[in-house]
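Colleague: Taken from TrEMBL, the feature disulfide bond covers Cys36-Cys45, Cys56-Cys73, Cys75-Cys84, Cys121-Cys130, Cys159-Cys168, Cys197-Cys206. Annotation source TrEMBL lists domain 'EGF-like' at 9-46, 49-85, 94-131, 133-169, 170-207, 209-242.
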Amino acid sequence: MFFVSPAYTGDICIPNPCMNGGTCQLQGLLSFTCQCRPGFHGLTCQICDACTPNPCLNGGSCIFDESTGSFRCYCPAGYTGRTCDVGNAITTASPNPCLPNPCRNGGTCQPNNVGSFMCSCPTGYQGICCETLLDPCTPSPCQNSGICMASGTNFFCSCQGGSSGQNCEIRDPCIQNPCLNGGQCRPNGMGGFICMCMLPFSGQRCEDRIDPCANQPCRNGGTCQPTNGNSYQCICPPGYSG
């Protein structure tokens, strides 16, 4: 059974994630299972049973036959039979192993020098016949604890904790407000932040309390006393005021 993030609200069976003619069946709102055709298994019916292990002998290549749900062997020159088990005393010209094209999912067939073939698979597929869909979420391309959700050969990231971007690569530096003493956090556009501090605080994170008397603003022997906020008052000696 396959589960998706609770944040996902679409129909997880559209498009159909099941390969090789498999049928997608919802299991509640956030999971599905694939009912695979004969000859296939796996989470998304991506594994061809009939060719695992390879039943073709003497270097033959196994191809799953959709019309029968079984397999057929492409035999190298000098061999015939259902599993290439019969050797020919007289070698005749072998048929083109790429006709019809055994490569699936848009793969390109290329004959090799032993009477068999090789498939050049498109991005997102692998296997002898390009039959296996690679998981675009392994390893996960999503950063900052983002949840990767596969859709065929593509993926999208469900971002967490205030991050954003295609791969959740953009993180909000103010999501946990690093500013102290009532300061307000503002992103600086370069991945960092600045703090707008409330009086009488200052510093990178508003961690320092400003002392309005630090510079001894009172003259002629007056005594400085802090008041509310960032203000002060001077207690003047006899004969002075202001």
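Every residue, even glycine, has its Cβ placed from backbone N, Cα and C.
Not measured: the values here are computed from a predicted model.
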Colleague: So which of 9-46, 49-85, 209-242 is most in touch with the domain 'EGF-like' (133-169), counting Cβ pairs under 8 Å?
Modeller: 9-46
Colleague: State the non-local partners of the domain 'EGF-like' (209-242) in its own chain: residues 6+ outside its ends, Cβ under 8 Å from one of its Cβ atoms.
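Modeller: Residues packing against the domain 'EGF-like' (209-242) from afar: 181, 199-202.
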Colleague: Let me know how many other Cβ atoms fall within 10 Å of the Cβ of Cys45 (disulfide bond).
Modeller: 23
Colleague: Of all the disulfide-bonded residues given, Cys56, Cys75, Cys121, Cys168, which residue's CB has the most CB neighbours within 10 A?
Modeller: Cys75
Colleague: What mean pLDDT does the predicted model reach across the domain 'EGF-like' (94-131)?
Modeller: 85
Colleague: What is the interatomic distance between the Cα atoms of Cys36 (disulfide bond) and Cys168 (disulfide bond), given in whole Å?
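Modeller: About 34 Å separates the two Cα atoms.
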Colleague: Can you grab the distance from Cys121 (disulfide bond) over to Cys159 (disulfide bond)? Cα atoms, rounded to a whole Å.
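Modeller: For Cys121 (disulfide bond) versus Cys159 (disulfide bond), the Cα atoms are 31 Å apart.
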Colleague: Quick one: which of these disulfide-bonded residues, Cys56, Cys73, Cys168, Cys206, have their CA within 10 A of Cys84 (disulfide bond)?
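Modeller: So the list is Cys56, Cys73.
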Colleague: Same-chain residues six or more away whose CB lies under 8 A from the CB of Cys206 (disulfide bond)?
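Modeller: Cys206 (disulfide bond) has long-range Cβ partners Cys179, Leu180, Asn181, Gly182, Gly183, Cys195, Cys197, Met198.
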Colleague: Given the disulfide-bonded residues Cys45, Cys75, Cys130, Cys159, Cys168, find the one whose Cα is closest in space to the Cα of Cys56 (disulfide bond).
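Modeller: Of the disulfide-bonded residues Cys45, Cys75, Cys130, Cys159, Cys168, Cys75 has its Cα closest to that of Cys56 (disulfide bond).
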